[in-house]
Amino acid sequence: MQWLKMKLRFVNLILLLISSTCAQLGGDPNGYLTYCPCMGRFGNQADHFLGSLAFAKALNRTLILPPWVEYRRGELRSRQVPFNTYFEVEPLKEYHRVITMADFMWHLADDIWPESERVSFCYKERYSLQQEKNDPDKPNCHAKDGNPFGPFWDTFHIDFVRSEFYAPLHFDVHHSNEAAKWQTKYPAESYPVLAFTGAPASFPVQLENCKLQRYLQWSQRYREASKDFIREQLPRGAFLGIHLRNGIDWVRACEHVKDSQHLFASPQCLGYKNERGALYPELCMPSKEAIIRQLKRTIKNVRQTQPDNEIKSVFVASDSNHMIGELNTALSRMGISVHKLPEDDPYLDLAILGQSNHFIGNCISSYSAFEKRERDVHGFPSYFWGFPKEKDRKHTNVHEEL
């Protein structure tokens, strides 16, 4: 008899869990919002994600978490990696309602967003690369034209029946009543899903949205992998994490410094109004000699100010040249070893950098910007290559840490 009671309790518990899950997957009467993270690689996508999360909250719509878009060498089409591969979903719910795109499409889309009602949103007409598709009498978002646009929506078998141009509305919900305008023009009853061809957010991330980084927490897989690497591969003691951006595409991007007031993530060190100075080439592409000088200076400074927690090693993340040989040679007399992952994994690099005692990143890079925001959440110190300028550093009391 006791066994039967326990069995009934177990069945009731299972039913309760099923009921709870169904309730969580019930439709949101306030509507949904999603987008293709189709601009740039992870750093750019992360900036856009924070802005899109804030935008969804301002409109009071559930954010459908898009997969991350990746471009792999030798593959013609982008890869879509589920959001929760790299980051936990639950912490985001402390800020606002979210659901993964897979859960939405598998459990809710047929009822809430049937195929006959799928509308793509863009600011104004987006022209197709295939000229025959461009009809002056029928302007279109061409939401699936090109890579990664087509592969992204194809991942979930999404096609659009028409386009909606939302100009002159915009995404800055912090300095105007823009959210109310969106809600008035696109009520959830008529537009259950706002599906944007690109992220409804600015780049670089708005200052007001940087604080949302606290809700973006690494998945258990990456938390454990990063801790394992630190424990098994790095010598005991404090370590300095660095990000070197030096691939050929970056070399070309840095050529625009001379003609720009801002470039990519430069506001993270120069300020959104350039209140901490103007752009200069060394911020974007520091020389090998400058990198070594700054590393030695940082290590010596930590030894003087934190003698009980000296830096014992350097961990390098890079898109191209990790400079392992050069750095090992330069730092060997200081008793410092230099390390990298055996195989490239930019996400694991970030998870490891986030646990370093000190970090030096690239002011212009949105990848470094992700790391800077993550470290700010935990109160960890961060610095930038070439900032402040070496000549300014000698004549001012500006502290390197930001």
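Note that Cβ sites are derived from N, Cα and C of the backbone, with glycine treated the same way.
Lifted from Swiss-Prot, the feature list:
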type     : residues                                                                   : note
SIGNAL   : 1-23                                                                       : signal peptide
DISULFID : Cys36-Cys38                                                                : disulfide bond
BINDING  : Arg41, Phe42, Gly43, Asn44, His243, Leu244, Arg245, Asp349, Ser366, Tyr367 : substrate binding site
CARBOHYD : Asn60                                                                      : N-linked glycosylation site
DISULFID : Cys122-Cys141                                                              : disulfide bond
DISULFID : Cys254-Cys284                                                              : disulfide bond
DISULFID : Cys269-Cys363                                                              : disulfide bond
*Proximal residue to Cys38 (disulfide bond) among binding-site residues His243, Arg245, Ser366 (C-alpha distance)*: Ser366
*asked:* Please identify, from the disulfide-bonded residues Cys122, Cys363, the residue with the sparsest Cβ neighbourhood, meaning fewest other Cβ atoms within 10 angstroms.
replied: Cys122
*Across the listed substrate-binding residues, Arg41, Phe42, Gly43, Asn44, His243, Leu244, Arg245, Asp349, Ser366, Tyr367, what is the farthest Cα to Cα distance, given in whole Å?*
17
*Sparsest-packed of the listed disulfide-bonded residues (Cys38, Cys141, Cys254, Cys269) - C-beta count within 10 angstroms*: Cys254
_Cβ contacts of Ser366 (substrate binding site) (under 8 Å, same chain, 6 or more positions away)_ = Gly40, Gly43, Asn44, Ala46, Asp47, Phe203, Pro204, Phe264, Ala265
_Cys122 (disulfide bond): secondary structure state under DSSP, collapsed to three categories_ = strand
*What is the separation, in Å, between the Cα atoms of Cys269 (disulfide bond) and Cys122 (disulfide bond)?*
32
*asked:* Given a separation of at least six residues and a C-beta threshold under 8 Å, show me what packs close to Arg245 (substrate binding site) in the same chain.
replied: Ser318, Asp319, Asn362, Ile364, Ser365, Tyr367, Ser368
*From the Cα of Cys122 (disulfide bond) across to the Cα of Cys36 (disulfide bond), what is the distance in angstrom?*
11
*asked:* Rounded to a whole angstrom, what is the C-alpha distance between Cys284 (disulfide bond) and Arg41 (substrate binding site)?
replied: 18
*Measuring CA to CA, name the entry from the recorded positions Arg41, Cys122, Cys141, Cys254, Cys363 that ends up nearest the residue listed as 'N-linked glycosylation site'.*
Cys122
_Between Arg41 (substrate binding site) and Cys141 (disulfide bond): CA-CA distance (Å)_ = 22
*Given His243 (substrate binding site) and Cys363 (disulfide bond), what distance in Å do their CA atoms have, once rounded to a whole number?*
10
_Nonlocal neighbours by CB distance (under 8 Å) for Arg41 (substrate binding site), same chain, sequence gap 6 or more_ = Glu70, Tyr71, Tyr367
*Could you state the CA-to-CA distance between Cys122 (disulfide bond) and Cys363 (disulfide bond) to the nearest Å?*
31
